[in-house]
């Protein structure tokens, strides 16, 4: 919260602006009034909102972000209001020197106040007998911190569209079971989140009764509907309790313009060089709850309608059709639970700032009761330390896939998602929806890991740092094309021969007749010379789902880059690594069935 300013306009000479300030400070009417009072600061610890406030006797230059207290004897009112529009800040109309009159002028003033939405309130006071002096400055602070203008349209007697939009998102985030109502538990959680105190059962019932009396569909199944929720906030504002609505808005990340605050969406997160970003356990639990909330038919996949509902709290649709080619989907092409978690893992790894933003829209820090979205992110240790210690705590490994045009890279990525060549061609790989990433889980020694495949565009002369930065390199060549291997050999020699990044050669399209590669040596001999594992045969042109063993091998090499070539050639080594994959695949299916029944 930033410092706020309260300024007094030059409504007229000798209307008591300076006397008001002097009376507030000294708590007595000054015998001698200076031409202008010095700027005064009210410390944060003595104000209700804990915000420092500067009081400025008008200097002739408007202060941006100030609340203007226009002091007058009311006879100059119309003249003053002619210039109101230029300020664009909250206004308080102050009738000073009330000790000099025997009657109140509020009845005359209120219609004019209602005519100009910039005027937050009117106050009659007296600097001489200290009438309403403290109240005046309280209202001034309130006008700045909790202005009515952004929330409410007096002419229409209703909340403004931006306010309705923000409160609708807040309602949907707070509707934890997504049934369209806030039940007592959800209302209590909301109350505790925003005001640090739960509502007593009778108080909850009283609130709902107020809504019932005014709205037919404000309460449903003993829960507060969206219409009821919006009605309550309209009522708060109309009764002058707009600080209640502002407290809710700011708790959910909104600024004075009813936009989500950048500090809320992008909390600080330090990422040292050679470190990566992953979701931690609490973040995955949160994402699971979000998935469960929107998977209404309980089929462990999100239909297009369910996905739109999930992202309804976003200002835009964050996932395009390319996501369906990046993660696992069901037979209908809908993103599965595993695919959903995989896409979040991918976003966190590649663009953690975007992940923080998305978590902000979903209300992670509020629902998970964390300080910020950054609490859901794990920053891994420097990769060099992993190499020194010969072990890693990371869960996500990146494999960059190189290969000439037509070598089978795209098929290799899609096969990782369980799609054979026929499925990829018919259902998924429309050119405009093509993805150059694929991510899925693998199991190594019984540990679940994410392997992220990235297809690198085959432009040998323009490989960027991100094209080269990875945990393992996959070099793909077409066994039926005699010129396909040469590209892989050149990439390896120029970029990876002297690096510590492990590499694996993939002999793709192994279902086709193999031809001699037009290169100085065979792929097998090339791998032997450069101490690489022998080329791994691979095809996705089969009736069944492609074999996943190759992906387990890639993940294992990424996890253990220090493993010797002798171990890599040992069938026992690969058996130990992959046996966990088979066991956990069976267990995973069983757990899937159990979770489905439970949910």
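The backbone N, Cα and C atoms fix where each Cβ goes, and this holds for glycine too.
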Feature transmembrane segment in TrEMBL, mapped to one of the ranges 550-572, 573-595: 573-595
Counting by DSSP, what is the helix, strand and coil composition of the domain 'EF-hand' (282-317)? 23 helix, 2 strand, 11 coil
Mean pLDDT, the domain 'EF-hand' (282-317)? 96
